[in-house]
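J.: My structure is below; once you've seen it, I'll send some questions.
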Protein chains: 2
Amino acid sequence: MENVKGLQCISCGRVFPADDRVFTCPECGEKGILDVIYDYDYIKKNISRETLSQNRDYSIWRYLPFLPVQKESRRTPLKVGWTPLYYPQKLMEVLGLSRLFLKDDGLNPTASLKDRASAIAVVKAGEEGFETVACSSTGNAASSLAGNAAAMGLKSVIFVPQRAPQGKVAQLLIFGATVISVQGNYEDAFHLSAQAIAHWGWYNRNAAINPYLVEGKKTVTLEICEQLNWQVPDWAIFSVGDGCTIAGAWKGFKDLYQAGFIDKLPKMAGVQAEGCCPITRAFLSGNPLEPMEENTLADSIAVGVPRNPDKALNAIRESKGTMINVTDEEILQAMKLLGHTCGVFGEPAGVTGLAGLKKLVAGGLISRDELVVTCITGNGLKDVNNAVKAAGAPIKVDPDLGELKKKLAGLVRF
Amino acid sequence: MENVKGLQCISCGRVFPADDRVFTCPECGEKGILDVIYDYDYIKKNISRETLSQNRDYSIWRYLPFLPVQKESRRTPLKVGWTPLYYPQKLMEVLGLSRLFLKDDGLNPTASLKDRASAIAVVKAGEEGFETVACSSTGNAASSLAGNAAAMGLKSVIFVPQRAPQGKVAQLLIFGATVISVQGNYEDAFHLSAQAIAHWGWYNRNAAINPYLVEGKKTVTLEICEQLNWQVPDWAIFSVGDGCTIAGAWKGFKDLYQAGFIDKLPKMAGVQAEGCCPITRAFLSGNPLEPMEENTLADSIAVGVPRNPDKALNAIRESKGTMINVTDEEILQAMKLLGHTCGVFGEPAGVTGLAGLKKLVAGGLISRDELVVTCITGNGLKDVNNAVKAAGAPIKVDPDLGELKKKLAGLVRF
């Protein structure tokens, strides 16, 4: 990889060569998460705003010089990335914003932002000769890994916690994954997957451990900046679970800045669910992270023991951003608000950023004229039970116009 | 609309001006479905292969001169169309084909091909000053209408039959639609919607009745041909319910042919579920269509009294194509096959075309070297219960490596 200088430990600062199969710093252990260090001179020589404007590959691979993969590596055949960036008039009116953009990452091939990371995972697994990839996940990382593995012809083994919604599990099985439903919480699933990966020698796609996955996630902000014609948002709002997504989003902005594509950086706002907010708590208190129970319906961000709090906390702090919590009720309200005003159906974790944005605007931290972007990180079809909670039930009628008139009278005005 | 000459009755051949609010032929009644007649000279002057190659609007609107809307009309803000066309190596090996392309239309904004028709519906409703749009649907037409209406700021009223899957209904409600669950089958829902539309004066998005919707659906084949660099498939395979989708697909090929973009036409193959196959029966027997019960799990194509059999039958016959039925078991197998080999998750009706293709190849009607395209018309996340039937259940284990080793032994080899 001519564009990569090495992997740097975010704890001790040591740099390791990128072709080692090292996932965490040998000195610092689990705390020693690694960060990919690029050669920005190489990047500048190989990609520019102008070459991008001519590039008709509308997928994450248009940013190849920014990605930690070999140029000639086999890639997932699925079309990952280049999801739409909407400018939602009615939603802006409701929120009281004049320049809001909404990235719909539920339109990725397996219906979540996680496809961006899994696309990198399967390429790296292929580069290194693995035949089986594995991860533990509350759902989206898993389905994206299983889908991209199937498309690449790799086997996948997925560890899910007991509470993973049926839709997400069905998707895994359809993709041919071996699915292990661990009778416990996410933490139990994570530990068992780590032991099994060590035992069988599979490729490890656990996002916080594998330094390459954040690099896939960062493509969401590469796209946002290009779609905004290289304007930089004042605020970028993301939901936060494990911490990897907001860390990746921040890495995207920083890489673009270092390579001279943009001339400033945004503030990052991270939003957690009140029932599971260990990273918000650590941010606000300044104390080390302490685990929490996982009491939220936003299952994709219900992570009581996040694996990557440091990268996430660094992103918020470096960017001079903030963190905020929202209740499950506020999340359900955000699902309705998004659907009613934009025709976009987000899953609970997918709209948590939007719920937080609403609060940040109401609280005066984000003002009307700031340029704001938030991302819907997963499709609501993945978790229909919660959608039903948010949306209510249909009006049942017999096939008779008289009955329909009676039932609609008073209810709806046309 | 400078590109449209008029609306022609497919029964008696009379042509009506396109600015009349006439949906069916006043002479022929319900049988008199209308077809949009274009001015191909106008089209040739306003769009070409070359202008398309420079056009960076990757949505259905890139084909504006082929569409029955006014140039300056307000359009749905959702990004409809330009879904990926895959070249699925492993699937080709399994099927015994050397040139198969797979269009994943589940990646439309509300996760089905129907977004193409609903995008046109909301534009037409807007052009004609309506504030409320309505339809009856087994689900996908409905959710696409509700989503696109919400994005446009229109109200929607949706009539669904009792059996519509929960995921599809939840999506409607999230989009703010007034959802009427008609306690009966699709036919009952259709009739009640027709009465209610007449009574309240809403815009009618029932696809077989509204002549403009087929024109939205045809964009799927406009895209396929452009994505194939204007090669024409030997065979195009679609699942068939109401008949409108395959009719639209055929219209797309014919319009491209008339406008000189392609130099031949494909054969169309229509696939129905054995438990509800009135159009196949009419095609094979040559007798007029007779209604059937709706006994299939492929709910999106379970239409016992199709509204548009004539356009569908014309498409198959004119193209010298064929029709075939598949069992529910074959549909479930096709879901697994698609997921395992391609990482694409289709709903039952969405993979019915693929199930039929498998049979047509096995039966020798389609041969190894023919250029074949089929379309996955809807995302499997819309109907998770059937996915569970197809995929089975995960392996449950306690968080213990010893137990995991025991459970995996014999089951899986890594």
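Placement of Cβ uses the backbone N, Cα and C atoms for every residue, glycine included.
TrEMBL does not curate its annotations; it predicts them automatically.
For reference, TrEMBL lists these features for the protein:
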| type | residues | note |
| --- | --- | --- |
| BINDING | B:N140, B:T377 | pyridoxal 5'-phosphate binding site |
| DOMAIN | B:79-378 | domain 'Tryptophan synthase beta chain-like PALP' |
| MOD_RES | B:K114 | N6-(pyridoxal phosphate)lysine |
J.: Can you tell me how many other Cβ atoms are located within 10 Å of the Cβ belonging to B:K114 (N6-(pyridoxal phosphate)lysine)?
T.: 34
J.: If I take the alpha carbons of B:N140 (pyridoxal 5'-phosphate binding site) and the residue listed as 'N6-(pyridoxal phosphate)lysine', what is the distance between them in whole Å?
T.: 6
J.: Which ones, of the recorded positions B:K114, B:N140, B:T377, are Cβ-proximal to chain A (under 8 Å)?
T.: none
J.: How many other Cβ atoms are found within 10 Å of the Cβ atom of B:N140 (pyridoxal 5'-phosphate binding site), counting all protein chains shown?
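T.: If we count other Cβ atoms within 10 Å of B:N140 (pyridoxal 5'-phosphate binding site), we arrive at 32.
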J.: Could you round the CA separation between B:T377 (pyridoxal 5'-phosphate binding site) and the residue listed as 'N6-(pyridoxal phosphate)lysine' to a whole angstrom and send it over?
T.: 8
J.: Other than its own, how many Cβ atoms are within 10 Å of the Cβ belonging to B:T377 (pyridoxal 5'-phosphate binding site)?
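T.: For B:T377 (pyridoxal 5'-phosphate binding site), the count of other Cβ atoms within 10 Å is 29.
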